[in-house]
Each structure stands twice: as C-alpha cells, then as structure tokens.
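Per Swiss-Prot, the feature active site, proton donor maps to 235; the stated evidence is sequence analysis. The annotation NAD(+) binding site is assigned in Swiss-Prot to 48-53, 74-75, 111-112, 139-140, 244, 273-275. The substrate binding site annotation in Swiss-Prot covers 225. Per Swiss-Prot, site 'Plays an important role in discriminating NADH against NADPH' is recorded for 75.
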C-alpha cells in the first residue's frame, strides 16, 4: 500500500515502515562514523526502547559498543491494512540491522509499569544475556496503572500555585496562540509524580537486583529534561517538576544500592527535541522552533542520537563525565549556553503569525515531527507501495 502522512493535532495517524527503517539506519551510520565506544556496556536493558531517546540509547549501545540488547516497549503491531506504530517499525528495523551484524537483540512488548512485563523481561535476561551491565530507563507515558494498587494515575501538565499564560504555536493553523493553564490540584500533582517520578525505575532496579540479573558494576540511568527560564513554569516549577524532583530523590537510593557492588545510578539530563510527548505541550513547538533556529545558526544543533551517543562516550563511560552539583549527568550543555538562551528569550515575544517562518525554524520543527513517523527521510520513495505487515523477530509479548 502507498502510505502518506495524515496529521491530527499533535499526532500523525499514519506511519511509514520503510521510512522508519531508513531513520534507524541513519542513526546507526552516525554511531558507526564516531567509532567504537571505549569501555562501553556489553549487555544492556533499555526500558522504553522503541522511539526517541530510548531507541537512540539502544542503537548507541549496540552499534557503538557492540552490546547485546534487550528492549522493552509498548507498541501496536500492524493489523490488516492498518500500519503499526512508528516504534514497532523502528524496533523491527533495529532487529534486522543487529542480526546483520551478529548482535544479540531481544524485545519485550507490553506495559513496562506492570509486574508481568518485569517478570517476562527478567526471564528473557536469564535466557539470553545472563546479566545486564547497563539499565536505561526512558519511559514517557501519560498514565500508569500501579502494579500493587491497581489504581490508574494520569499525569498533568500544569503550573503549581498560580495560573500561567503561555505563548505557543497552534500547529494545525500555523498561528501564534496563548494558552492559560490553571494550577494543578494536590491530587493532580501526586498523580503526576506517580506516573513520571522515580517509583517505577526503582521497582525495575529492585526486581532486577532481587532476581540476580544485575552484573557487578552495573550502571543505570534515567533520562529527563529540565530546560531553562523559558520553560521553567511548566517543567521545573510545575507538576512535572515535582516528578523530576522525585526522580532526583530516587536516584540517591539506587546509587547507594549499586555502589555497594561497584555500580552507579544517575539521572541524565538531555536537550529538548521533537517527540510525540513534547509536541503535545503548549509552549514546546514554539520553543523548539526558536531553539533549532538559534542552535543551527551556531552549528550546535543535535538530535536524539547525537545526544545519547555523546552521553555514553563522554559521561556514562567517559573518563571525565559532565556532572552537575546534584550529581546528574548533563548532555544539555549546548542548549543551556547562556548566549543560546538569551537569543531565544530575545526572539520569544517577537514572533507573530506573519514572521513565524523567517524568525523561527518552524519548517525544521515540522520536518522533525514527520520524521518521527517515518516521513521525509532521504532516499525513501513515498510514492511506491510498501508492505505494512512487518514482524519483529525474537519478540516476547
């Protein structure tokens, strides 16, 4: 079938298998150009492995360090004439490329928050890897059903204590708009922490440790975004910020647990990129469009694979990791360059409907958004029929 992009709001409801595969190959090629990751991991578990930063971590570990990988994700398979999700096709392509290079790859498809998927993952580690020496936690989900209580918690993107008016882009109409966000209630804050805080990461590490599948010296990291002044009302000072602070508290306990066996636990702070999650946040399309404009002009723009490949080489396995005062690994240094942030702030209130394209890189933002779903990738013939029914080998469901 011929598949074209169909966008509804902040979601593209179609995906292109060949485009997703080409995107994965582009990321692999980037890692290969940078050469081997010295003293890198050899057996890696990535929780949230099918898109964005999690996929990039799996690619960097496998094709940079030669690691065997086990990926956990929650994706929809193709059915009848309906394509699967982008994460499904990304993972299928990853498996194909790994097999071609003789790299072990296993995947588990299901709810990472559940005890069932944790148990299935542990069984797969025992069977295929024995133990893992790196655990990457890269889960972004709007809701979580707690495995012990059965309660489903919904995350909320709101300020705390007062309403906030945010500038942003109505991406459907390509117009500047303002959104008034009311403050979160205490219950909404608690629910957001339950979904996006550190509890599930801790549950994963506790389960892996109790099962004996964490190697001595194992490391774990959870990915997060902090941002700067422009985004603080929504991120650090908002309901999501409370979840991020919970992540910072959680990592201290995990670090103590792993350090006893020569290991380590860190929160890794990554730069703002286009993801399905960030596209839904009212101010982020405008912020990203300005950030891309400024960083591309300076030659410092990076996407997921550049960020995570650099994180592994420079900090997780580098001799001189970039660590902040709170012990987090920082890969967002170029985004937070004072000159970059000052220029973004300078342009923020100047953007109008009339100058949206010349003043920002909204065109680049839109292109990156479509790339998430396999569209706009160089070398792909989007007028040619493509087979949507792609399977993932070594998949556990």
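Each residue's number is its place along the chain shown, starting with 1.
Backbone N, Cα and C define each Cβ position, glycine as well.
Structural mapping of features recorded in Swiss-Prot.
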residue: 48; record: NAD(+) binding site; contacts (Cβ under 8 Å, 6+ apart): 54, 72, 73, 112, 136, 137, 138, 139, 140
residue: 50; record: NAD(+) binding site; contacts (Cβ under 8 Å, 6+ apart): 71, 73, 75, 85, 86, 87, 88, 90, 91
residue: 52; record: NAD(+) binding site; contacts (Cβ under 8 Å, 6+ apart): 138, 140, 273, 275, 304, 372
residue: 74; record: NAD(+) binding site; contacts (Cβ under 8 Å, 6+ apart): 109, 110, 111, 112, 141
residue: 225; record: substrate binding site; contacts (Cβ under 8 Å, 6+ apart): 235, 269, 270, 271, 272, 332
residue: 274; record: NAD(+) binding site; contacts (Cβ under 8 Å, 6+ apart): 288, 365, 368, 369, 372
Entry from the recorded positions list 75, 111 having the most other CB atoms no farther than 10 A: 75
Local Cβ density at residue 139 (NAD(+) binding site) - other Cβ atoms counted within 10 Å: 21
Cβ neighbours of the residue listed as 'active site, proton donor' where a neighbour is any other Cβ within 10 Å: 22
Secondary-structure category, per DSSP, in which the residue listed as 'substrate binding site' falls: coil
